[in-house]
Amino acid sequence: MEPQNTTQVSMFVLLGFSQTQELQKFLFLLFLLVYVTTIVGNLLIMVTVTFDCRLHTPMYFLLRNLALIDLCYSTVTSPKMLVDFLHETKTISYQGCMAQIFFFHLLGGGTVFFLSVMAYDRYIAISQPLRYVTIMNTQLCVGLVVAAWVGGFVHSIVQLALILPLPFCGPNILDNFYCDVPQVLRLACTDTSLLEFLMISNSGLLVIIWFLLLLISYTVILVMLRSHSGKARRKAASTCTTHIIVVSMIFIPCIYIYTWPFTPFLMDKAVSISYTVMTPMLNPMIYTLRNQDMKAAMRRLGKCLVICRE
């Protein structure tokens, strides 16, 4: 039998959200506002923590790095999505699609590991407050940050290593606004049952286990707060509550997408928007609105900028 000739697709067509021109313009303006807010909010956190010496603590060091990840994470999908709103045909090259998958999972995986590091930071702060600065020293903080990035890199490489050998000979239509593993895998011209199982294990099952472990960790921390004084307990409880909100905002949509990733649902795009576009914008708002120290530091930074201009 002669081998069947297959042509590898050179690009994918993204269906996006709507084919109506008026709605496309409205969505462009809406998501442009969201993206600009995301950039400004996360940059504000990074600048404030960098220039305010009162925030040079392990918790804010980690928060600054999380803001950097959020900024980069939104940049993986949002600029391409905004450009596509202005074009009738939305395409992405095969290489661009693979690059988007790599950086999407690098930063997404890094976020998951970062949230774990921040949970550990809060545990040390509550359980051993007198030794907190000694334990969470600069060397350990930098090591934990590097470990989070390495964890995200390993997770991303695994995703890419499973997809790159696959043949894509058509169709090439992705029912989404960006490239991700579940949608791309459906287009492969071969049986992907084993890969689907591996992807669910690497993403879906891992996300569920990690989410439960983080919830248990914060429950333990909140229980430990009972032994603290009123003011310190309220401040620590507020910080932990903020972390739980952020963890839930990130993990719940991911569980929805990656636990049943190869069966398309009507809500897939809306859920994808929630954690690829909305969460990076909401994170800095949540951390600043519930954090008196951060708000005070931003006011000091604003006053300094006004004085410098005068």
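Cβ from N, Cα, C; glycine included.
Not measured: the values here are computed from a predicted model.
There are 24 other Cβ atoms within 10 Å of the Cβ belonging to Cys97 (disulfide bond). As annotated by Swiss-Prot, disulfide bond applies to Cys97-Cys189.
The N-linked glycosylation site annotation in Swiss-Prot covers Asn5 and rests on sequence analysis.
Taken from Swiss-Prot, the feature topological domain 'Extracellular' applies to 1-25 (among others).
Residues or ranges marked as topological domain 'Cytoplasmic' in Swiss-Prot (evidence: sequence analysis): 50-57 (among others). Residues belonging to the topological domain 'Cytoplasmic' (50-57) score a mean pLDDT of 90 in the model.
Taken from Swiss-Prot, the feature topological domain 'Extracellular' applies to 80-100 (among others), supported by sequence analysis. Cβ atoms under 8 Å from those of the topological domain 'Extracellular' (80-100) belong to residues 8-16, 24-25, 27-28, 31-32, 35, 160, 163-164, 168, 177-179, 184, 277 of the same chain, restricted to positions at least 6 beyond its ends.
Residues 57-59, 62, 217-218, 220-221, 224-225, 228, 236, 239-240, 243 of the same chain lie 6 or more positions beyond the ends of the topological domain 'Cytoplasmic' (121-139) yet place their CB under 8 Å from a CB of it. Taken from Swiss-Prot, the feature topological domain 'Cytoplasmic' covers 121-139 (among others).
Same-chain residues lying 6+ beyond the ends of the topological domain 'Extracellular' (159-195) with a Cβ under 8 Å from its Cβ atoms: 6-9, 11-17, 76-77, 80-81, 84, 90, 92, 94, 96-98, 100-102, 104-105, 202-203, 257-258, 261-262, 264, 268-269, 272, 276. The topological domain 'Extracellular' feature in Swiss-Prot is assigned to 159-195 (among others).
The topological domain 'Cytoplasmic' annotation in Swiss-Prot covers 220-235 (among others) and rests on sequence analysis. Residues in the topological domain 'Cytoplasmic' (220-235) partition by DSSP class (helix H, G, I; strand E, B; coil) as 14 helix, 0 strand, 2 coil.
If you look up Swiss-Prot, you'll see 259-269 (among others) marked as topological domain 'Extracellular', on the strength of sequence analysis.
Sequence-distant contacts of the topological domain 'Cytoplasmic' (290-310) (same chain, six or more residues past either end, CB-CB distance under 8 Å): 44-45, 47-49, 51-52, 54-55, 60, 238-239, 241-242. Positions annotated as topological domain 'Cytoplasmic' by Swiss-Prot: 290-310 (among others).
The annotation transmembrane segment is assigned in Swiss-Prot to 26-49 (among others).
The transmembrane segment annotation in Swiss-Prot covers 58-79 (among others) and is backed by sequence analysis.
Taken from Swiss-Prot, the feature transmembrane segment applies to 101-120 (among others).
Long-range contacts of the transmembrane segment (140-158) within the same chain: residues 58, 61-62, 65, 101-114, 116-117, 120, 202, each at least 6 residues beyond the stretch ends and with a Cβ under 8 Å from a Cβ of the stretch. Among the features that Swiss-Prot reports, transmembrane segment is placed at 140-158 (among others), with the record citing sequence analysis.
Sequence annotations record features per position, and here Swiss-Prot assigns transmembrane segment to 196-219 (among others) based on sequence analysis. Note on the transmembrane segment (196-219): residues 112, 115-116, 119-120, 122-123, 155, 158-159, 162, 181-182, 185, 240, 243-244, 247, 251-252, 254-255, 258-262 of its chain, located 6 or more positions outside it, place their CB under 8 angstroms from a CB of the stretch.
For the transmembrane segment (236-258), the list of distant contacts is 59, 108, 111-112, 115, 118-119, 122, 125-126, 180, 182, 199-200, 203-204, 207-208, 210-211, 214-215, 218, 221-222, 225, 228, 267-268, 271-272, 274-275, 279, 282-283, 286-287, 290-291: same-chain residues at least six beyond its ends, Cβ to Cβ under 8 Å. Residues or ranges marked as transmembrane segment in Swiss-Prot (evidence: sequence analysis): 236-258 (among others).
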Quiz item: Near the Cβ of Cys189 (disulfide bond), how many other Cβ atoms are there if near means within 10 Å?
Solution: 16
Practice problem: List the helix, strand and coil residue totals of the topological domain 'Extracellular' (80-100) as derived from DSSP. | Solution: 13 helix, 3 strand, 5 coil
